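First the structure, in the form of structure tokens, and then the observations on it.
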Amino acid sequence: IWMSKSHYCMLHYQKTPQKLTCILFLSICLCRRKGSSKWEPRSLLEKLRWVTLGYHYNWDTKKYSANHHTPFPSDLAFLSEQVAAACGFRGFQAQAGILNYYHFDSSLGIHVDESELDHSRPLLSFSFGQSSIFLLGGLKREEAPTAMFMHSGDIMVMSGFSRLLYHAVPRVLPNPEGTALPSCLDQALSSDLPVGSVIERSSDEDWQVCAKYLQSSRINMTIRQVLAEGQKFPEECGTNREVQAPSEDSHYPEDSRAKRHKPNTD
């Protein structure tokens, strides 16, 4: 999903399609190699920090726009809409998503998600892999936050009053089970998946690449509805302006105040 031509990641702005394909191939080979040396060059997976889906965020204007949009993944949209409906938000539309890729030295600075035009719809957050500390603050940056753990498989729904609260991720931690992978990711799939399931089987070889990555990483997906029913983007001057991406070390595209990744130490 993060390398699809219909989605955007930080490396799309830094590499040609040909170089990106070559780096991806080498990265997968590195991940599949057993006993690889820590001195080997960082793979693409290790450098990756974020991917955007659906309506893509403009880091210059800090806005979404109608002309910078690609199809939102149907399986992730279905999952998000079902979770939203179970929480009482029927009619939720998954229109934009940001996938954040964290390592143990990663952190996410304090920010608030306010660029969406419709704040009445919830923000959904899905976590996979290693754990983290999540800080949920108030309507002002200086308000003392509440700290909580986010573990693999956890879903957070920010809605109503909490929709515009400041929040941050100061620390990524090993999963509390003391194993390389949380048990929820180490279980075999049922042999009789229901018809229409959003779960798709992968080859053992492909899963080993994912499992190795998640042993030292956390993936967080935040799904948003940008527009209310029938709402349109306002007309803007220079809508064909090229989107500028943040640097490779930027972890979160939505807030310039977010902490930067600290090399060799988001």
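These residue numbers are counts, starting from 1, taken along the chain as shown.
Backbone N, Cα and C define each Cβ position, glycine as well.
Features of the protein shown, as given by TrEMBL:
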type	residues	note
BINDING	His111, Asp113, His167	Fe cation binding site
COMPBIAS	248-266	compositional bias 'Basic and acidic residues'
DOMAIN	90-227	domain 'Fe2OG dioxygenase'
REGION	233-266	region 'Disordered'
Among His111, His167 [binding-site residues], residue with fewest other Cβ within 10 Å: His111
Structural state census, the domain 'Fe2OG dioxygenase' (90-227) (DSSP three-state): 19 helix, 49 strand, 70 coil
Cβ neighbour count (within 10 Å, all chains shown) around Asp113 (Fe cation binding site): 19
